Amino acid sequence: MAEGCMMALRYGMVFFNLLFWLGGCGILGVGVWLSVTQGNFATLSSSLPSLSAANLLIAVGTIIMVIGCLGCVGAVKESRPLLLTFFILLLIIFFLEILSIMLFFIYQDEIDHYAQRDLKKGLQLFGTEGNVGLTNAWMIVQTDFRCCGVTNHTDWFEVYNATRVPDSCCLEYSDNCGLDNPGTWWTAPCYERVKDWLNDNLVALWIFALCTALTQILGLVFSMTMFCQAVKVETFYA
């Protein structure tokens, strides 16, 4: 009976980590594709230029693949070191996620202030050489969210030293439309528009977070149960 339970646990662990590993492969693939085709797409921060969608996906995908591989091999071989390493890494990530969420809610006002200041600083790099990713990101955000600037469209006046905005701020896009009358521009702040979009999708975000947490907890339970069972078996045959 115990052997049957151990076999079922092993297969469950292998299946779980295989899906985990395949998910990591998919995320890594999307990140590499974005990096090759779009450059540093979605880089909005001037202080963290490496914080792009492509680089984040590559990093997350790589971490998931490594952890999934450790768990899968550890389950197949019933290797205590690999199972313990898998458990520790997953536990660290789980606690870091909880800590990040707690710090976000505690320091939300400070984070808002810093983010807006950093984004405004990043506007100065718009359209400059070597900042294609940041330029493309702002064009896409302003077009898709129908907004202009971080807090309002006048943020761009300091960038151009003139009363004009990028063409992506225009209600109807055309070349040099950012030089036209302000009545033809979007005036909604992009920062608030993105926050409103996140709030509108808050339920979906929480469901995703809970599913992620549940998956990680299952991984922790499976790996520790297999580790303890492997210790018992080795002690028994010692």
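Cβ atoms are placed via backbone N, Cα and C, with glycine included.
Marked as transmembrane segment by TrEMBL: 12-36 (among others).
Same-chain residues lying 6+ beyond the ends of the transmembrane segment (56-76) with a Cβ under 8 Å from its Cβ atoms: 10, 13-14, 16-18, 20-32, 34-35, 82-83, 85-86, 89-90, 93, 219, 222-223, 226. The annotation transmembrane segment is assigned in TrEMBL to 56-76 (among others).
Taken from TrEMBL, the feature transmembrane segment applies to 83-107 (among others). Beyond the transmembrane segment (83-107), the same-chain residues lying 6 or more positions past its ends with a Cβ under 8 Å from any Cβ of the stretch are 17, 63, 67, 70-71, 74-75, 209, 212-213, 216-217, 219-220, 223-224, 226-227, 230.
With a cut-off of 8 Å between CB atoms and residues at least 6 apart in sequence, the same chain places GLN142, CYS147, CYS148, GLY149, HIS153, TRP156, GLY178, TRP185, TRP186 near CYS169 (disulfide bond), listed in sequence order. Marked as disulfide bond by TrEMBL: CYS148-CYS169.
The transmembrane segment annotation in TrEMBL covers 203-222 (among others). Residues 9, 12-13, 16-17, 20, 71, 75, 86-87, 90-91, 93-94, 97, 101 of the same chain sit 6 or more residues outside the transmembrane segment (203-222) yet have a Cβ under 8 Å from a Cβ within it.
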